[in-house]
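Colleague: Below is one structure. I have some questions about it.
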Amino acid sequence: MTRAFNFSAGPATLPESVLRQAQAEMVEWNGVGASIVEISHRSADFMAVAAAAEADLRSLLSIPDDYAVMFTAGGATTIQALLPLNFAAPGQAADYVITGHWGKTAIKQASPYVDARIAADAETGGFLDIPPAASWTLSPHSAYVHITANETIHGVEFRDTPEVGTLPLFADFSSSIASEPLDISRYGLIYAGAQKNLGPVGISVVIVRRDLLERAGQPRADIFNYASHVARDSMLNTPPTWNWYLLGLTVKWMLEQGGVQEFARRNAEKAALVYGAIDGAGGFYRNLITPAVRSRMNIPFFLPDEQLDALFVSESKAAGLLALKGHKAVGGIRASLYNAMPLAGAQALANFMHDFQQRHG
């Protein structure tokens, strides 16, 4: 059966070569006589898998030596609750910049554990733009400033790293990590659920400047303590080994493809095709996001009415273009163009958009 183009926002499309390698190695892996999902996470064989995944991720993202890397079970929402527990001292505030749905989720998760303050909120403008950093109201002694680098639902993306002075900048990079070069040294911490650009759902990556692990009060429960996870090489408890293995395969694939510089080029080309189809449609397709902050990863757009939205989703699925229905919070259509989406997928979508407009416009 021919694989369709999967535009799902997450879990998202994975490289076919990675899936086929995982398929081939599922029953018996690397000559050990058992599947990778059956061997001990503390065996020499799996420890080598884990070490290779970290080494390749460090190479892919140019992670400085003074930053620790954690591979954690669960997703970004869990991390959002753990950030204040690990990095905010009692009575200390933390600043949040709200640029979409996931920014709102981040502050909601943190609020029970820290004085979570809104430094800027783009909701008053309909989440169509990102307030400039110079306009943010930052607390001078804040534990950190939190941003969402790319909003998958509303389709806005920080195109430059904001300047926050000496305050640690924390960022949710779940949907844009490894999509272009990133100067990690400008951040105190970045994190990402794997299920968009790094691999399957169920595992996340946390990259943190080591000195930050030492300066704040620690959670009472060791399992929530990031310093403990770093000290135990992300194996404080049994990790999701299959997910970790697949993440490692995906990261290695990205390196083999040319790394983040190459994916930046590809992603710009893919986004240009879809935005070009929107902007050239004379209003039949609408994306209202300020062009300077349009997401390259997630492109939401709307047709003239909801009936056409539904017809677009139905006909596109029949044409082999999957998961284009917009998020329930906003409706419309959404195309996610993560690293594993080939240029041919973006071109097929742009062609379909033109054809659909010709027939229904």
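Each position is counted from 1, following the chain as shown.
Cβ coordinates come from backbone N, Cα and C, glycine included.
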Colleague: Please state which member of THR152, THR161, THR250 Swiss-Prot lists alongside ALA76, THR77, TRP102, ASP172, GLN195, ASN237, THR238 for binding pyridoxal 5'-phosphate.
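Modeller: For the pyridoxal 5'-phosphate site that includes ALA76, THR77, TRP102, ASP172, GLN195, ASN237, THR238, Swiss-Prot also lists THR152.
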Colleague: Please report the number of other Cβ atoms within 10 Å of the Cβ of THR77 (pyridoxal 5'-phosphate binding site).
Modeller: 17
Colleague: Of all the recorded positions given, ARG42, LYS196, which residue's CB has the most CB neighbours within 10 A?
Modeller: LYS196
Colleague: In three-state terms from DSSP, label ASN237 (pyridoxal 5'-phosphate binding site) for me.
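Modeller: Coil, per DSSP.
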Colleague: Sequence gap of 6 or more, C-beta under 8 Å: which same-chain residues meet both conditions with respect to ALA76 (pyridoxal 5'-phosphate binding site)?
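Modeller: Listed in sequence order, they are TRP102, ASP172, SER174, TYR191, ALA192, GLY193, SER204.
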Colleague: Measuring Cα to Cα, how many Å separate THR152 (pyridoxal 5'-phosphate binding site) from ARG42 (L-glutamate binding site)?
Modeller: 36
